[in-house]
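According to TrEMBL, the features are:
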TRANSMEM  6-26  transmembrane segment
TRANSMEM  38-58  transmembrane segment
TRANSMEM  64-90  transmembrane segment
């Protein structure tokens, strides 16, 4: 398997990981999880998207479709981290 296919697989896995988190978040099933597990799930969904997306945008020559998908995954990651920080700020008041 060449490296471009590996990066596409990582991008798609990261995207579906973020989508699965958003599904759990919007259907309010996140409160059923343990608090530590829910926070870990939230942080990893965001950071994994940001790290993979930024690395592909900067270093990997993957083509236009790959760059667009990496940008989408990276923005979803930033959004999830921002949503977590907003939730932490609201609940700490």
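Note that Cβ sites are derived from N, Cα and C of the backbone, with glycine treated the same way.
No curator has checked TrEMBL annotations; they are predicted automatically.
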**Message:** Which residues of the chain, 6 or more past the ends of the transmembrane segment (6-26), have a CB below 8 A from one of its CBs?
**Reply:** 41-42, 44-46, 48-49, 52-53, 56, 60, 62, 66, 69-70, 72-73, 76-77, 80
**Request:** Could you tell me what the rest of the chain brings near the transmembrane segment (38-58), counting residues at least six beyond its ends with Cβ under 8 Å?
**Result:** 7, 10-11, 14-15, 17-18, 21, 24-25, 30-31, 66-67, 70-81, 84
**Item:** Sequence-remote partners of the transmembrane segment (64-90) [C-beta within less than 8 Å, at least six residues beyond its ends]
**Value:** 4, 7-8, 11-12, 14-15, 18, 21-22, 39, 42-43, 45-54, 56-57
